[in-house]
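The compositional bias 'Basic and acidic residues' annotation in TrEMBL covers 1-17. Per TrEMBL, the feature region 'Disordered' maps to 1-22. What TrEMBL records for 35-60, 72-95, 115-137, 196-216, 243-264 is transmembrane segment.
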Amino acid sequence: MAKDMEVGTEYAPKDYQDPPPAPLIDPEELGKWSFYRAIIAEFIATLLFLYITVLTVIGYKSQSSTDQCGGVGILGIAWAFGGMIFVLVYCTAGISGGHINPAVTFGLFLARKVSLVRAIMYIVAQCLGAICGCGLVKAFQKAYYVKYGGGANTLNDGYSTGTGLGAEIIGTFVLVYTVFAATDPKRNARDSHVPVLAPLPIGFAVFMVHLATIPVTGTGINPARSFGAAVIYGDNKAWDDQWIFWVGPFIGAAIAAFYHQFILRAGAVKALGSFRSNA
């Protein structure tokens with residue numbers, strides 16, 4: 001099988017096709033129903049994600065408050081987050097791409113996978129969905145919601161701001177890097193089963209990152225998740241730490257996009273080789 005490798009300044013024929021870069025601004029998509037359908041899908045998916053996961057967190061805290069061995073534990077919380085991402089990415093990948101996370105959208109925007117307009121609308125829809133999801137939890141279980149922290153992300157005691165920020169950067173890097181790897185057109189072309197299984201490694205990435213960082217920040221790696229919980233819970237501590245859950249994930253997403261596109265996929269080398277050939 002032909003390999004995508006450099007031979008001098010020429011490249012061997014590819015057995016896959018990279019999609020063209022998304023335009024920065026695409027006015028045509030504003031007139032398509034598929035664009036608005038994708039925004040609705042992101043809104044509903046993020047709403048469901050926050051509803052299930054925040055309920056899981058509150059349920060665990062409620063049960064463990066009277067019995068230290070009660071509830072699902074940190075492992076169960078991690079499974080709830082990872083499992084929901086697996087389910088929702090599987091359900092929405094063919095409609096919106098299954099982002100469900102502003103950091104993922106930002107990383108894909110930097111890689112020219114989505115336009116600026118689509119990226120902004122996705123992020124707005126995700127944040128609104130997160131707010132509504134947390135709002136449903138509070139509406140159904142207000143007493144428990146207020147008593148057990150509303151699932152809000154904060155920097156836990158004993159950890160410095162730098163440690164929390166680093167945890168969010170690395171955790172989001174793992175997630176966004178997995179998204180790029182799982183949806184790589186080269187891999188999809190050579191392994192026909194990969195597109196079907198793509199949601200699985202993404203869900204597992206979320207699961208593993210939660211196991212590692214719940215003790216540090218409660219695990220954000222998704223600005224919409226942190227923002228929605230902070231809006232509905234309204235705690236000062238959650239707002240004081242909110243910047244960590246935006247800056248960290250966006251930095252991690254940017255690093256993952258650069259690493260995958262310009263190092264693993266040799267985007268910079270290919271661009272230089274094309275420039276030299278034209279010269």
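Each position is counted from 1, following the chain as shown.
The backbone N, Cα and C atoms fix where each Cβ goes, glycine too.
Pairs of Cβ atoms less than 8 Å apart link the transmembrane segment (115-137) most often to 35-60, out of 35-60, 72-95, 196-216, 243-264.
The stretch in closest packing with the transmembrane segment (72-95), judged by the count of Cβ pairs under 8 Å and taken from 35-60, 196-216, 243-264, is 196-216.
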